[in-house]
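Take a look at the structure below.
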2 protein chains.
Amino acid sequence: MLNADQWFTEVDDANASAFGLKGRRVHAEQTPFQHIEIYETERWGNLMVIDGCTMVSTRDNFFYHEMMSHPVLATHPAPKRVLIIGGGDCGTLREVLRHPTVESATQIDIDERVTRLSEQYFPELCSANDDPRATIAFDDGIAYIRDAAPGSLDVIIVDSTDPVGPAEGLFNVAFYQNCRRALADDGLFIQQSESPLLHGPIFKAMADAMRDAGFASTTPLFFPQPIYPSGWWSATIAAGHPVLPAPRPEACKPFAETLQYYSAETHQAALAVPPLVKRLLSSG
Amino acid sequence: MLNADQWFTEVDDANASAFGLKGRRVHAEQTPFQHIEIYETERWGNLMVIDGCTMVSTRDNFFYHEMMSHPVLATHPAPKRVLIIGGGDCGTLREVLRHPTVESATQIDIDERVTRLSEQYFPELCSANDDPRATIAFDDGIAYIRDAAPGSLDVIIVDSTDPVGPAEGLFNVAFYQNCRRALADDGLFIQQSESPLLHGPIFKAMADAMRDAGFASTTPLFFPQPIYPSGWWSATIAAGHPVLPAPRPEACKPFAETLQYYSAETHQAALAVPPLVKRLLSSG
């Protein structure tokens, strides 16, 4: 029994499960796009909640941010032009900019308030925002990618909320087709793809839609993410090539001491597809 | 806000986090050793709770039971004599007995009520209990291993509750010394070792104590376990050899179709030690 005055609790209705962190709410606002709350928790640092779902905690965001950026950047042979759609907390941007090959990294989140609150409550995630290679814009990522010049990007990272509300349009064939067109021939696309245990149908539908949009291969990655439902999360890489290039994790060597989860070993480990997921992906 | 009439909620006080499953309690009893509850949940099947901590759910126990048994059995060159300490729900025993090399598997849980309730609420986990190779005893595992003949076991699996209450004596040098003595020279020991994110000091203390007890190497394994705190769990293998033999996951080929998480790939993946854990283990 968790007292609502002392706990934030996220209920995953479809799975009849819940996750809670003890703390007090220090901010809440309704933006034009979504409802954002900030909690100061007892043991997880600060916590950002959007539309009732945990987004980022100080304590455990490294899993997600490292795994949304380094595997894909260490797979592309020479990533120079990177686009982040969503990612308003700036944690993925910070990781992307650790790569010296990156010449430009553009972050397009529809909601400026996410970034302003992150600057206030997660300043460590925003530490690269002044990097001259960074562009931070507040706009509709769906329109942005529709209008992007063909072949103008090396890597697209979709770091969005779940496929309901403002992020819904980031999970369909039309969006993926536009991303495919905006990428160079050897470009790579990655998107967070929910919990393979709890959200299997979404996970599979995303991979199917990516291939329907013309990507020749989809490659899932698996990693822990304690504050998300089940604690077991995934991302999916889509590529124009039928087989991904071999990882070159040595690309992350120059900043290895900053990493908490990503390494050559965990990169390889994240690529292991458990039998239950293989069966899910090959089901009709 | 989770209504106690409709939810079971486990609070990890030290980490000020909580995990809940919606359902109704259908059984509760105080045994001579611990307090056991059974819940019928809405979406996770049945749930066993001991002393307020989630132990087993129908939906997700495969992660734990597969990873407590197959990696260690597929690393030992020819496991014949297996001892399980704890494991009263019989799920680990079932997985161990899938291995045709195993000639005897003995399960020693101190609390017969765990097994009787598992027979009633998790009958699928007890499906191998009548295997002629199985011995199910209800006794003190600490005394059992102290009195075991030297060199009489190939694999010891400690599938216990957390290091408080009846399981406390399963987490110290004296116990590990007795296990080492009971194992043959090429024997392997494995024990669940908590969440590497949330319970780092216990995780490290266990590995240190295993080496203090004379084991030449300790090797952690990492895997998802959604109903346990953080959803990211570990086990630690201890061995008399300084380096573990290479895995031979083909040992699990004959029953691969029964497996949901374990495979040659996830075995290798589980061995990847993230940087934060390397730093933890090498700290003073």
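Backbone N, Cα and C atoms are what each Cβ position is placed from, and that goes for glycine too.
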Additional site residue, A:H27, A:H35, A:H65 [criterion: listed by TrEMBL with A:D89, A:D159, A:S160, A:T161, A:D162 for spermidine]: A:H65
Of the candidates A:P79, A:P163, A:P166, the one that TrEMBL places in the S-methyl-5'-thioadenosine site of A:Q34, A:D109, A:D140, A:G141: A:P166
Packing count at A:P166 (S-methyl-5'-thioadenosine binding site) (other Cβ atoms within 10 Å of its Cβ): 21
Nearest recorded site to A:G141 (S-methyl-5'-thioadenosine binding site) by CA-CA distance, among binding-site residues A:H65, A:D89, A:S160, A:T161, A:D162: A:S160
Long-range Cβ environment of A:D109 (S-methyl-5'-thioadenosine binding site), under 8 Å and at least 6 residues apart: A:I85, A:G86, A:G87, A:G88, A:T115, A:F138, A:G141
Those residues of the chain, 6+ apart, with a Cβ under 8 Å from that of A:Q34 (S-methyl-5'-thioadenosine binding site): A:I50, A:D51, A:D111, A:T161, A:G165, A:P166
Tertiary neighbours of A:D89 (spermidine binding site) (same chain, Cβ under 8 Å, six or more apart): A:M48, A:M55, A:V56, A:N61, A:V114, A:T115, A:S118, A:F122, A:L125
Environment of A:Q34, A:D109, A:D140, A:G141, A:P166, the listed S-methyl-5'-thioadenosine site - residues of the same chain whose CB lies within 8 A of the CB centroid: A:F33, A:G86, A:G88, A:I110, A:D111, A:S160, A:A167
Cβ atoms near A:G141 (S-methyl-5'-thioadenosine binding site) (within 10 Å, other residues, all chains): 26
